[in-house]
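Noted in Swiss-Prot for the protein shown:
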- SER17, VAL18, GLY19, LYS20, THR21, SER22: ATP binding site (BINDING)
- THR21: Mg(2+) binding site (BINDING)
- ASP39, GLY85: substrate binding site (BINDING)
Amino acid sequence: MPTFDTTKQIFLCGLPSVGKTSFGRLLAQFLSLPFFDTDHLLSARFHGDSPKAIYQRFGEEGFCQEELLTLINLPVIPSVVALGGKTLLDKQIYEHITQRENILLVLLDLPFATLYQRLQKKPLPESLKNTPSLENALFQRLEKLRLLTPHIFSLQAATSLHEIGEVCQSFCLQFLTAQEIPYA
């Protein structure tokens, strides 16, 4: 089995419901790294209020400022971090993340039909509720994320523990394979 570089802070971004939290938690476990979910950290700062309630209270600009404060307080250590579905699209937040040392920023991607099905099963994020066309809004957001992220990883719907392990290993092989140092 190859050796994986576990010195990076791995930031996972993607559309809502792509699996940032689920995959991030499994990847962190696979790599024996701490896991942070910025939505959960934000909620904890507001005594358990949901990101939706925080967004409704502060509006988009205030919500982004609260997300930025959450990220500023995030330890700069090797870990896996699941970002909110729109977090990276805020310029200040993007700059804060990309100016950190030794990071890996990866866009998680899924077939659009799978993602759309997942979104139908739970309440939409506030920023997507009043869009004339959900499909167009998602495509536009995805295009912006693709421009901002240097790496893309396609997730598949893994169900068994074996499949989940294979997906985590595939991610690590693609992005975290340690460079072998040849002997002199």
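A Cβ is built for glycine as well, from the same backbone N, Cα and C atoms used for every other residue.
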GLY85 (substrate binding site) and GLY19 (ATP binding site), distance between Cα atoms, whole Å: 10
Within 10 angstroms of GLY85 (substrate binding site), Cα basis - binding-site residues out of SER17, VAL18, LYS20, SER22: SER17, VAL18, LYS20
Binding-site residues compared (THR21, SER22) - highest count of Cβ atoms within 10 Å: THR21
Set of same-chain residues at least 6 away whose C-beta sits under 8 angstroms from ASP39 (substrate binding site): THR21, PRO51, ALA82, GLY84
Other residues, Cβ within 8 Å of SER17, VAL18, GLY19, LYS20, THR21, SER22 Cβ centroid (ATP site): GLY14, PHE23, GLY24, ALA82, LEU108
Collapsed DSSP category at GLY85 (substrate binding site): coil
THR21 (ATP binding site) in three-state DSSP notation: helix
All-chain count of other Cβ atoms within 10 Å of SER17 (ATP binding site): 22
